[in-house]
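Novice: Sharing a structure with you now.
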Amino acid sequence: MSIALVTTIAELRARTSEKLREVEASGGSKSLGLVPTMGALHHGHATLARRAVAENSVVVASVFVNPLQFGDAQDLARYPRTTDADLALLDEAGVDFMFAPSVEEMYPDGEPSIRVTAGTMGEIHEGASRPGHFDGALTVVSKLLHVALPNEGLAAPGGRPAYRAYFGQKDAQQLTLVRRMVADLNFPVEIVPVSIVRDPDGLATSSRNRFLSEQERTAALVLSRALGLLASRAQAHEPLDIASAEALVRSAPGVELDYLEVVDPQTLAPRAENCQDTPFTGEAIALIAAKVGSVRLIDNMRLG
Ligand code: PAF
């Protein structure tokens, strides 16, 4: 195994700096890739990690179950922790360092009193069902982006930052908010979106899928089916008839629809013209969230 497990910020900075110096000494160009995760890694994460490895000379994947982004203590407690398997998956993908800090290392003074707020964009869709979730997620992403910065500067050839962070498009709202934060607050990092990875039957990969029973997993396929229905109507410039896609989801056993919305890809605001009954034009994203049994799942698909 060539990956190193690092648990403190000081060690992470020292080790990445050392590795970057080695890259420079051997004539390579220095760049750092960060893959923030909460662990319980699956092949969707492996895709993120492999992309980061292909595009950077040094790669750090963080594994930290961030208490700030869980509204419900039970949800936090039952979030799967699979450190050994995570380390093996990241090693296989070619990641240099797995940074797995303790809660005390990340929040030495307890929960931070100063936080990043996601604003109104964090109050819709997922944010409406999980109040405070995006403030917690942005706060830890902001910390991780700073924590992973090595002790010495990174070259920025052509003015582009040689620091990149990788986020999955499955969490479309999180990705949009992280991009907004980085732009609004001038973080010196490039945010790289990575496409959703689906199982062969269409289910989007998620750390929560492991909680689904066989029957629930079959029922959960209705999420990607409903999105696919909207995408094919959009492709054909037909009316989306969102109501019929909602009805399809509601008809699946044990599936409780939270929302199915067609939104603007940049702002995630519901489209003023949602093309329920009129031919679809332009571009949009369809976002869906539903509870399948006791497991909350999200998915999305680009339309147009
Ligand atoms: O997407 C996740 O796994 C988390 O929200 C993140 C970005 C690692 C922050 O805790």
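Every residue, even glycine, has its Cβ placed from backbone N, Cα and C.
The following feature annotations were taken from TrEMBL:
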| type | residues | note |
| --- | --- | --- |
| BINDING | 38-45, 168-171, VAL197, 205-208 | ATP binding site |
| ACT_SITE | HIS45 | active site, proton donor |
| BINDING | GLN69 | beta-alanine binding site |
| BINDING | GLN69, GLN174 | (R)-pantoate binding site |
Novice: In terms of DSSP three-state secondary structure, what is the assignment for GLY44 (ATP binding site)?
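Specialist: In the DSSP reduction, GLY44 (ATP binding site) maps to helix.
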Novice: Enumerate in sequence order the recorded positions MET38, LEU41, GLY44, HIS45, SER207 whose Cβ-atom distance to ligand 1 is under 6 angstroms.
Specialist: MET38
Novice: Which whole-number value in Å describes the distance between the Cα atoms of GLN174 ((R)-pantoate binding site) and VAL197 (ATP binding site)?
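Specialist: GLN174 ((R)-pantoate binding site) to VAL197 (ATP binding site), Cα-Cα distance: 16 Å.
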Novice: Tell me which residues of the chain lie with their Cβ under 8 angstroms from that of LEU41 (ATP binding site), as long as they are six or more apart in sequence?
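Specialist: The list for LEU41 (ATP binding site) reads VAL63, THR82, ALA85, ASP86, LEU89, LEU90, SER207, given in order along the sequence.
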Novice: Where's the emptiest Cβ shell within 10 Å among the binding-site residues GLN69, GLN169, GLN174?
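Specialist: Ranked by other Cβ atoms within 10 Å, the binding-site residues GLN69, GLN169, GLN174 bottom out at GLN169.
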Novice: If you measure MET38 (ATP binding site) to HIS45 (active site, proton donor) at Cα, how many Å is it?
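Specialist: Rounded to a whole number, the Cα-Cα distance is 10 Å.
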Novice: For each of the recorded positions (MET38, HIS45, VAL197), count the other CB atoms lying within 10 A of its CB, then report the residue with the highest count.
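Specialist: Output for this query is HIS45.
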Novice: Just to confirm: which same-chain residues, 6+ apart in sequence, have a Cβ under 8 Å from the Cβ of GLY44 (ATP binding site)?
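Specialist: Looking at Cβ-Cβ distances below 8 Å from GLY44 (ATP binding site), excluding near sequence neighbours, one finds GLY168, LYS170, ILE196, VAL197, ALA204, THR205, SER206.
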Novice: DSSP three-state call for SER207 (ATP binding site): helix, strand or coil?
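Specialist: Reduced to three states, the DSSP call for SER207 (ATP binding site) is helix.
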